[in-house]
C-alpha cells in the first residue's frame, strides 16, 4: 500500500521532449526552427505594423487580419522559450505550474484564432452577399466588441479545464511527448480518473473550434451560392479571388489541429517522432504561412509592405 502511495505523485516538474532519436543533432535542428520563428515573428509583426500605420488599411477586413496576426504571434511566443531551450541547452524541465500557464496561452490563442477565422468568414460573407449594408454592419465599435468577445471566449472556458487538471495525480512518469505542454499529453500521464477532464475538454473543443468550422463552412456555402448567381465571369473570379487568402488560412489552421487531435486519440501506438512532428506543424505552420499568404495574395497588404521597405531603402 505504501509503495502504491509513493508511486502516485503531483510532480514538481515535467520533462519536455525535443525530436526523439535526433537528440545529438538538436543544435543543428535548432537552425530551421529559429528560421521559422524569425519568419513568424517578423511576418506577423510586419502585418500588424502596416495595418496600424497605413490609413488605407483601416477597414474591417484588415482589422480582423490584425487580430489573426496577433493570435499567431501569441501562439508562436508561447512555445519559443521551451522549444529553443531544449535545442540549445537541453533544458527539458518545466514546473507543473509553468506547464499549466503555457497550456493556458497555447490553448487560449488556439481558440482565439478559430474565433478570428470565423469573424473573417462573416466579413467575407457580408462583403459579398450584403455589400450595401457592409459599412453599417461592421462598424468600428462592433469590431472592437467582437475583439473583446474573442478574447473572453478563448480564455474563460480554459480556467475550469486547467483547474480540473491540477486535481489529478500522476503515476506514469512525467515525460511529455512534445516540446511544450499540451492538455491531452499531460492527461495521459495521470493514473486517476480523467473522464471528467476528457469530457470537459471535448466539450470546449466542440463548442469553439468545432462550432466555428461549421459556421465557416456554412458562410462559404452561402458565398458560393451568391457568386454563382452573378452574371459576369470576371466578377465571379474577382470575388473568389478575395476569399483565397482566408480559405488558405482556414486550411492551414484546421488540418494540423485535426491531425494532432486524431493522433492523440487514436495514434497512441504511433512512433514518438510522429507525435512530435505533427505537434510542431500544428503550432508553427499557421504563424509562418499566414503572413506569407496575405502578403502575396492581398494586393493592399503587399503594396503597404513594399512601400515600407522602399521608404527604408531610400
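In case you wondered, yes, glycine gets a Cβ from its N, Cα and C as well.
Look at TrEMBL and you will find 25-52 (among others) tagged as transmembrane segment.
Look at TrEMBL and you will find 43-294 tagged as domain 'G-protein coupled receptors family 1 profile'. This prediction places the mean pLDDT of the domain 'G-protein coupled receptors family 1 profile' (43-294) at 91.
The transmembrane segment feature in TrEMBL is assigned to 64-88 (among others).
Counting same-chain residues at least six beyond the ends of the transmembrane segment (100-122), those with a Cβ under 8 angstroms from any Cβ of the stretch are 61, 64-65, 67-68, 71-72, 74-75, 78-79, 82, 94, 146, 149-151, 153-155, 157-158, 161-162, 165-166, 180-183, 186, 204, 208-209, 212-213, 215-216, 219-220, 246, 249-250, 253, 257, 283, 286. As annotated by TrEMBL, transmembrane segment applies to 100-122 (among others).
What TrEMBL lists as transmembrane segment is 143-165 (among others). Same-chain residues lying 6+ beyond the ends of the transmembrane segment (143-165) with a Cβ under 8 Å from its Cβ atoms: 60, 63-64, 67, 100, 103-104, 107-112, 115-116, 119, 183, 186-187, 196-197, 200-201, 204, 207-208.
Summarising the annotation, TrEMBL assigns transmembrane segment to 199-227 (among others).
Summarising the annotation, TrEMBL assigns transmembrane segment to 239-257 (among others). Same-chain residues lying 6+ beyond the ends of the transmembrane segment (239-257) with a Cβ under 8 Å from its Cβ atoms: 68, 110, 113-114, 117, 120-121, 124, 127-128, 209, 213, 216, 220, 223, 227, 230, 278, 281-282, 285-286, 289-290, 293-294, 297-298.
Annotated transmembrane segment per TrEMBL: 277-296 (among others), in sequence order.
Among residues of the same chain six or more beyond the transmembrane segment (277-296), those with a C-beta under 8 A of the stretch's C-beta atoms are 33, 36-37, 39-40, 43-44, 46-47, 65, 68-69, 72-73, 75-76, 79, 106, 113, 177-180, 182, 245, 248-249, 252-253, 256-257, 259-260, 263, 302, 305. A Cβ distance under 8 Å defines the sequence-distant neighbours of the transmembrane segment (199-227), meaning residues of its chain 6+ beyond its ends; these are 110-111, 114-115, 117-118, 121-122, 124-125, 128-129, 153-154, 157-158, 160-161, 164, 183-184, 187, 236, 239-240, 243, 247, 250, 254, 257, 261.
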